[in-house]
Structure formats: C-alpha cells, structure tokens
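First comes the structure, then the notes that go with it.
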Amino acid sequence: MSLIKLQQITDELEELKYQGEQGIPILIEGRKDEEALRELGVNGPFIKVSGTRLSLSEIALRASRTSRVIILTDFDRKGSELAKRLYRDMQSLGADPDLRIRRRLMGMTRRYIKDIQSLPSYIERLKLEVCPYPLDNI
C-alpha cells in the first residue's frame with residue numbers, strides 16, 4: 001500500500017514540476033511551503049498568499065495575468081477556504097485556476113498531513129515503510 005501511495009504522490013509532484021517548468025504559477029500559502037516544494041524538486045514560479053501586503057483580490061488579479069494557475073494551498077480548513085476564494089476570484093477574471101493537483105494530493109495524504117510543508121517528511125516516512133533498511137550494504 002505504501003509503495004502505491006508513494007508512486008501516486010511522486011506522479012503528482014512530477015506533474016507539478018512539469019507545470020512549473022512551463023511557467024505556470026503555483027499559488028501557495030507561504031515561505032515554508034515554497035521551501036518544501038523546492039526540496040522536492042518543484043521550482044516553478046510561486047505566488048505566496050500569506051506574508052504579503054497584497055489582498056486576496058490583488059493576488060488573484062496578479063495570478064490571473066496568465067491563463068492558467070495552479071492553486072496548492074494547505075489541506076486544512078483555512079487552506080480550503082483560501083482555495084475556494086482564489087478559485088472564484090481568478091475564474092471571474094478569466095483565468096483557468098487548477099485545483100486538481102491539490103485535490104489529488106489532499107486525497108492521498110488527508111489522514112496523515114494537513115499542509116504542504118509536511119510533504120517532504122511524509123514522503124520520507126513512506127520511503128522507509130517501503131524499504132526500511134539501507135541498500136548501501138548490498
């Protein structure tokens with residue numbers, strides 16, 4: 001089970017990496033989320049929602065300058081509310097906000113983590129479940 005979940009999460013992260021490489025902005029909540037995603041190899045253009053002087057409407061306006069935007073807020077109640085609001089605001093501005101990666105990651109990790117910054121440690125835990133012994137000695 002852990003191997004399948006690990007592969008599914010890896011597939012989603014590969015998709016996120018690809019989208020970022022294509023220049024599609026990724027809306028995240030804050031600095032720690034960006035650090036976690038960079039640790040996982042995602043280097044796309046990030047737009048942070050928290051820790052900025054901009055209002056959500058201004059962030060939505062800035063993000064909607066591109067036709068497509070990925071929303072990847074945390075999986076808790078606050079993150080879900082932010083995702084809904086940003087989705088509505090950007091859609092009304094003519095952008096194509098994408099919640100698919102967030103929904104799939106949330107579905108796979110819901111019982112285990114509640115935020116993006118916890119993804120690297122969760123993935124490491126899954127790797128240990130799949131292969132608990134170091135392979136250096138073989």
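Even glycines carry a Cβ here, placed using N, Cα and C.
Here the Cβ of ASP74 (Mg(2+) 1 binding site) has 24 other Cβ atoms within 10 Å, regardless of which shown protein chain they belong to. DSSP assigns ASP74 (Mg(2+) 1 binding site) to coil in the three-state reduction, outside any helix or strand. The Mg(2+) 1 binding site annotation in Swiss-Prot covers GLU29, ASP74.
The Mg(2+) 2 binding site feature in Swiss-Prot is assigned to ASP74, ASP76.
Annotation source Swiss-Prot lists domain 'Toprim' at 23-105, citing sequence analysis. Regional average pLDDT for the domain 'Toprim' (23-105) in the model is 93.
Neighbour density at the Cβ, taken as the number of other Cβ atoms within 10 Å, is lowest among the binding-site residues GLU29, ASP76 for ASP76. DSSP labels the residues of the domain 'Toprim' (23-105) in these numbers: 39 helix, 13 strand, 31 coil.
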